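Database features (TrEMBL):
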TRANSMEM  234-255  transmembrane segment
TRANSMEM  261-281  transmembrane segment
TRANSMEM  301-324  transmembrane segment
TRANSMEM  344-367  transmembrane segment
TRANSMEM  374-395  transmembrane segment
TRANSMEM  434-455  transmembrane segment
Amino acid sequence: MSNDERIKKWRARRQSGDYSIGAGSAEYVRATASQERAARDACNVDGLLQVLLAAQPASSPLRCVLDALRASANESIVERRSVYEALQCKLQLQTSRAALSQEEADFCSRRLRTIIRLVEMDLRAGLDVYAASYRPERLATDDARLTSAFDKRAQRRREQEKQDARRLALQSDLPLLPQLVPQEAADLSILRARVDLLHAKQNTRTLHGERSRLSALLPLLALQLHTMHAESRFALIWALLGPSVLLTLISSLYFLTGTHFVLGMDVPTFSMTGATTWIMFRQIIFRSSTGYVSARGLLNLPGVTPLMCALVQAAMFLCIYLFVFGLLITVGHSFNLVSLPVHWPAFVLCVVAMAIGGASMGVAFGAAATRWHFILRLAPVIERFLEIFSSVFFVSEQLPAQYRPYFLWSPLAHGMQLLRSAYFGSYRSTDASLSYFLTTLVFMVVIALVAERFARSRVQPM
């Protein structure tokens, strides 16, 4: 009804003798109530929820909407809106009684609103929606889109439930028993019986004891070496070039200032010990931390743990940089550029101790990354900060006495100066403390193991 028609009716009622103020609103309320009753009577559709939930095309719910419109007086948009609202109320009532999930209730509501929208558009366009062959043009496309989205959400929910079940079973150390169809369950029982028979013939000690876990170290190390050789050959080349670049940088800084010996140590050898040891230290930190959180595919192998993946990375780079040390010392000594170490065993033990410190920090960073992923991006910043206080470019004896405590808090500085004391016969560090270095090294190992113990359950296999 237009505004002009309302004004004409109001004037006609006012000119009549029996007009009273408020009679129009009361009449409107009565008319609206009668329309709502008619809409509710027209929408007495049983099984609307089952029709909307069915996997069949949307022709059946379309018939329900058209039957409700046909049974009511639907000359105006307001009357049709009452029918639509009654249909939605009917659907909400049936949904609450059926106790559906949120996804199913949302799918039914969206499907009904889509059909109502398409029917109303055709009614306003003047189409005969009550014809036997009537079907909205976009009904199949929109219904297929809704059904596809509902299936995707249901699939994501099922995958999330499976992932949560696997995580809960792994954290609780319980076997995960998936739901199988009867045929697959029968096949699985036969396979389990045959596997148990094979296990019964094997040695239980080698199958479940510590020997099986330790025996996985060497194959895992070989696998990582093959992976590095196949995927990142430049990393092996950079393992040699990186210390050479930093060695050249440190040596050039001293040579530019006219310094050829640092407290009895020749500058090239001094730079080589600091540069190579520190690059090994930082590479072990980065590789072991990423190996802890990223090698999830290897956790499906028997005897492989996240800690083992990190330790294998640390051992691999320790071996690589021990080889780099030997190569640089051999080539440098042949050209009279570097000197030979005085105490080989003590020098190698100091390098191994620095590698243990790097592996401890890497495991701690990897354990923290299972909860805070950004920690691995912060690790290079921490490493650059530690490099200044780790006696890479200088030793504490070069500084004034009042500034030395600001650098000797770092156990890495003690380790680096002990390493140079073992390498050079002319240098004995008076500031480095072996007891402090070993105590803090043990403390770092304990912190790494405790952090790994708390983070172990959050590293899930693929």
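Backbone N, Cα and C define each Cβ position, glycine as well.
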(message) Counting Cβ pairs closer than 8 Å, which of 261-281, 301-324, 344-367, 374-395 has the most of them with the transmembrane segment (434-455)?
(response) 344-367
(message) Pairs of Cβ atoms less than 8 Å apart decide it: which stretch in 261-281, 301-324, 374-395 has the most with the transmembrane segment (344-367)?
(response) 301-324
(request) Please indicate, using numbers and ranges, the residues of the same chain that are 6 or more beyond the transmembrane segment (301-324) and have a C-beta under 8 Å from a C-beta there. (result) 212-213, 215-217, 220-221, 224-225, 228, 236, 239-240, 243, 276-277, 279-280, 283-284, 287-293, 295, 348, 351-352, 355, 358-359, 362-363, 366, 452, 455-456, 459
